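Here's what Swiss-Prot has on this protein:
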- 352-392: coiled coil (COILED)
- 952-987: coiled coil (COILED)
- 809-820: compositional bias 'Polar residues' (COMPBIAS)
- 1089-1099: compositional bias 'Polar residues' (COMPBIAS)
- 19-314: domain 'F-BAR' (DOMAIN)
- 506-694: domain 'Rho-GAP' (DOMAIN)
- 744-803: domain 'SH3' (DOMAIN)
- Ser817: phosphoserine (MOD_RES)
- Ser820: phosphoserine (MOD_RES)
- Ser821: phosphoserine (MOD_RES)
- Ser837: phosphoserine (MOD_RES)
- Ser858: phosphoserine (MOD_RES)
- Ser954: phosphoserine (MOD_RES)
- 470-493: region 'Disordered' (REGION)
- 809-846: region 'Disordered' (REGION)
- 861-911: region 'Disordered' (REGION)
- 994-1014: region 'Disordered' (REGION)
- 1045-1099: region 'Disordered' (REGION)
- Arg542: site 'Arginine finger' (SITE)
Amino acid sequence: MSSQTKFKKDKEIIAEYEAQIKEIRTQLVEQFKCLEQQSESRLQLLQDLQEFFRRKAEIELEYSRSLEKLAERFSSKIRSSREHQFKKDQYLLSPVNCWYLVLHQTRRESRDHATLNDIFMNNVIVRLSQISEDVIRLFKKSKEIGLQMHEELLKVTNELYTVMKTYHMYHAESISAESKLKEAEKQEEKQFNKSGELSMNLLRHEDRPQRRSSVKKIEKMKEKRQAKYSENKLKCTKARNDYLLNLAATNAAISKYYIHDVSDLIDCCDLGFHASLARTFRTYLSAEYNLETSRHEGLDVIENAVDNLDSRSDKHTVMDMCSQVFCPPLKFEFQPHMGDEVCQVSAQQPVQTELLMRYHQLQSRLATLKIENEEVRKTLDATMQTLQDMLTVEDFDVSDAFQHSRSTESIKSAASETYMSKINIAKRRANQQETEMFYFTKFKEYVNGSNLITKLQAKHDLLKQTLGEGERAECGTTRPPCLPPKPQKMRRPRPLSVYSHKLFNGSMEAFIKDSGQAIPLVAESCIRFINLYGLQQQGIFRVPGSQVEVNDIKNSFERGEDPLVDDQNERDINSVAGVLKLYFRGLENPLFPKERFQDLISTIKLENPADRVHPIQQILITLPRVVIVVMRYLFAFLNHLSQYSDENMMDPYNLAICFGPTLMHIPDGQDPVSCQAHVNEVIKTIIIHHEAIFPSPRELEGPVYEKCMAGGEEYCDSPHSEPGTIDEVDHDNGTEPHTSDEEVEQIEAIAKFDYVGRSPRELSFKKGASLLLYHRASEDWWEGRHNGVDGLIPHQYIVVQDMDDAFSDSLSQKADSEASSGPLLDDKASSKNDLQSPTEHISDYGFGGVMGRVRLRSDGAAIPRRRSGGDTHSPPRGLGPSIDTPPRAAACPSSPHKIPLSRGRIESPEKRRMATFGSAGSINYPDKKALTEGLSMRSTCGSTRHSSLGDHKSLEAEALAEDIEKTMSTALHELRELERQNTVKQAPDVVLDTLEPLKNPPGPISSEPASPLHTIVIRDPDAAMRRSSSSSTEMMTTFKPALSARLAGAQLRPPPMRPVRPVVQHRSSSSSSSGVGSPAVTPTEKMFPNSSSDKSGTM
C-alpha cells in the first residue's frame, strides 16, 4: 500500500479542520440567534403585558363583558403563536405559564373599577416598562461579552491552525532530512563495498589519495546530513509539542465555553428579569387578593405559577428546545502528519529541561491566577447578592389601597408615597444600574480569568502527566520514551570575535559591516536564549534583572564572547532581557531614526490598526537594508513572545510599553509624556502586524527568526557570522622572511579550507593550496610559508602530507627522560573503538570547590571551561569522520568548570599526540618556594621583554603571584583532607601529583624547555618515519590515571586545547631555543595564560 493511501495529505487535514471550524462558527451564530429570539420573545411578552394592563385599567371602568372579550382576544392570539406549540411539546416556560393563568383568571374579573384602574396605570405598567428596558440593556451587554467569547474561541482555533501548519512544515523537513541521511548511508555502504572488492596490491600508489578523498567527501556529506536530520528532528519535536499543548488548550476552552460559559451567558440575559417580573405579578396579585373571595381559588393557582418562576428551569428548557445548538461539539483530535506515530507530548532530553521549566512556571502562574480568580468570584457573589436584594424588595403589597375607610384621594396619596414615587424610582434605578455595571465588569473579569485558568490547567495537567511518565520511565518503572534517541549533533563552541567598532553604545550599521553579522551577536544570542528558556517567564522585559549580571553579560559580549551559549542554568532570564534592551537603547543611532519620528507618529491618526500597516511599511522601506533585517528579526521574536501572554502576561501592548522608549527615541523639543503613548501604539502595531510590514525572505535576504530553536548543545555557527579573531601577542611585523631555509626540514601540507588571515602574522590561503611548514609553533599553529611570505598557519585548516606523526615522535623523545609512559594502545583498535562516554564530575570529592577558579591542564596550564561533546582538533588523516565546515581558529572562553572524566574512553591518535605534547612541556613545582621563584623569574623576564610598559607590570605580577599562591594553598589543603578521609589506598591523583612537593625534584627549571617552540624541530624525517610505527601508538603522560581506586576504569581525557597565539620567534634562533636565555613562556604563563602577559592573546 502506498504512502498516499496510508496517510492523510495536508490538504485533507486542513479541509477537515476548516469543516470543523465552520461547524463551530455556525453553532456560535445560531446561539446568538436563539438568544436574540428569546429576548425578542420576552420583549413581546412584556409589551403584551403592558398593553394588557393598560387596556385592563381602561376596561376596569367597564363591566364584565368587556373583560371577557379582552381575555378571549389574547387567548386566541396565544393559540396561534409558537408558545402554544411549546406547551404541547412540554417546553412551557415559567413566564408563559403565568401568562396563561392570568388570562384564565381574567375571565372571572368583572369588578373593582376605579382602584384597579389606578393601580394598573400607576404601578404595574411602569414596572413592565422598566423590565423591558432591562431586558434590552442586559441582552446588549451579554451579547458584547458573548461576542468576545466567540472571538476568543476563534482566536484559539486560529492559533491551533497556525501551530498545526508549523508542525506539518517541520515534520516534512524532518522526513526529507531523514531520507537524505539514508541516501548518504547507502552511498557510504556502496563505496565501502566497492573499495573492499579491489585489491590493494593492484592499485597504484597515486590512486590512494583519490579514494581517501572520495571516502572523506561521503563521510562529510553523511555527517552534514546527520546534523541536519538531528536539527530538523528537534524542531519537529518542539513544533509537535506546541501543537499538542495548543490542541489541549483549544479543546479545554471550547469545552468550558459550551458547558459553563453559555449557561453563565444565559444567566446574564436573565439577570433580574424573573425577579422584576415576579414583583410586577405580585403587585397584581396583591390587588386581586383583596377582591371578592370568589376569586381566591383561581388566584391561588396563579400564585403557585408565579412561585414557580425559575430562571434555571427556563434556562434548561431553552437549552433543551435547541439542544443541537447548545450541545458541545466533538473534541479536536490530533492529526498525525504523514504517519507520525507520536501523539503525545515528548519529554525526551533535548526538550525535557524546557518542559520542566515551563511546567513549574505554569504551576506558579496557576496558583496566582486561582487566588486572584477566587477573590473575583467572591466579589461577584457579593455583588449578585446585592442585586438580588435590590430586585427582590417586597414592595408589591398594595393592601392598604383597598381599605374601605379611605377615600379616593387617600388612595392616590398612598400610592404616591410608596415605592413607585418618582424620587424613589430615580434613586433605586441609579443604584441598580451602578450595581449592574460593577457586576458585569467583575463577571467579565471572572470569565476571562477562568478561561485562562482552564487553558493553562490543561497544559499543566498534560505536562505533569508527560513529565511524570518521563521520570518513571527513567527509573525503569514504565514504558520507555515515545521516541528512540537519535544521533546527537556534535557541539561546536561559538568563536570569539573582536571588531574595531563598538558593540554597545555604537553604530549598529558600522558594526554589522565590520563583523559581517547580519544580526549582531548580542541580539541573536539573547533572543535565542529567551526563546529557549524565557517565553513563559512572567513579566519578562518588565521585571528588571540583576545589574551585576547585566554588566557581566554586557562585558562578555563586548569582549567578543557569547556568554549565553551554554549557561541556561546560570543566567537569569530577566538579566538577559535587560541586556537585549540595553543594547538597543544604547545604540548611537536608534533603530527608528528621529528623522522619521513624525511620520511614524502620524500613522496613529488611523483608528484601525490594520490601516496603519501600509503607511508604516512605506516609512520603513526607506531605512537601510541591514536595519530592516534586524527589525524583522526582532519584531518576529516579540510577536512570538506575545503569543505566550497567557503565561508571561506580556501582550503586544505591554511589550510596546517596554520597547517603545528603547527603540524609538523622542526628539528634543517634543513632550515625552504626550508622545510616549503614540510611540507605544506604533510599536504595538508593528509587533502585531510584523509579517505584513516587513519584507519576506524572498524580497530581502537575511536571517529570519524561527519559533523553534535548537538549544545551546546544538548551537551551530551562523552562516551570517564571521570567524573569530586572535589578537597578536606581539604587534611587530610577523611576516618577516626566514634567514635560512636549510636550518629545518620543510614539511609539505595542503589546505583543507579557505582561510583569511586576521593579522599581519597570519597567512591567507585558498582551499587546495600547497603550503610549506617549518615547525610546530603550538598545538594549533605552524610556522610556514605561502607564496613567498612567512607567517602563522592554523593546524586545523591543513592536512600535513609528509609529516606522519613526526611531531608526536619528537615530543615523545623529549618526554622519555621526564615522565613515565602511559599504557600502550593499538592504533587500529583505538580508531575502531573511539567511543565517547558520558562526562562525569568529581563533585563528590570536593574538586568543584578546589578547582572552581582554575582548571589545570596536564601541562599545568589553566584552560577555560568548554562544552563537552565537541573537540576543536582535527582528526588524523584516514581516521574518523572529517568535519564538513572549517574549524574555528579561536575558542570561546567561559567560566571555570569542574574537571571532567571519561569512563572507558579510548583516545584517538591525534588526541594522544595532543596529550603527549601537553605533558612534554609541563613543569612541576616541588614546593611553594619553587613556585615563588618561578613567579619572580617570570616577573624578571617580563620586565626585560616589556620594559616600556612601565612599573604596573611588576605590580600586576605580584598580585597574580599572590592570587596563585592562595589558590594553590587552598587546593593542597582540601585535597590532603580528602586523602586523610579515604581509608582505601588511592592511586596517584592528577592534581596532587601536580601540586604536592616531589621527593626527587627535577633538575633546574632552566634546563627544561618551557615552550613547545624549543622542541618542535624535525631534523631527520627518515628517523621520524622509522619510529612512526611504534611511537604513534604510545601516549606519553607525566601523571598516572586519576582516581583509579574511586572510579574503576576512569581515565583522564585530554583537555580541549584552545589556540594560543605563539610568541614571535625567528627561524635563526630555533637551533638554540632550548637555552636558558630564550624568550620562552615562563612557568606562570603556562599555569595562567590569561595573565597580564597574555592580555593581547586569545580572549
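Yeah, the Cβs are placed from backbone N, Cα and C, and that goes for glycine too.
The structure displayed is predicted, hence computed values, not measured ones.
Only residues 6 or more beyond the boundaries of the coiled coil (352-392), in the same chain, are considered here, and those with a CB under 8 A from a CB of the stretch are 241, 271-272, 275-276, 278-279, 345, 428, 431-432, 435-436, 438-439, 442-443, 445-446, 449-450, 452-453, 456-457, 459-460, 463-464, 466-467, 470, 532-533, 536-538, 568, 647, 711. Taking DSSP states H, G and I as helix and E and B as strand, the domain 'SH3' (744-803) has 3 helix, 30 strand, 27 coil. All protein chains shown were included, and the count of other CB atoms within 10 Å of the CB of Arg542 (site 'Arginine finger') stands at 15.
Each residue in the domain 'F-BAR' (19-314) has a pLDDT score, and their mean in this model is 82.
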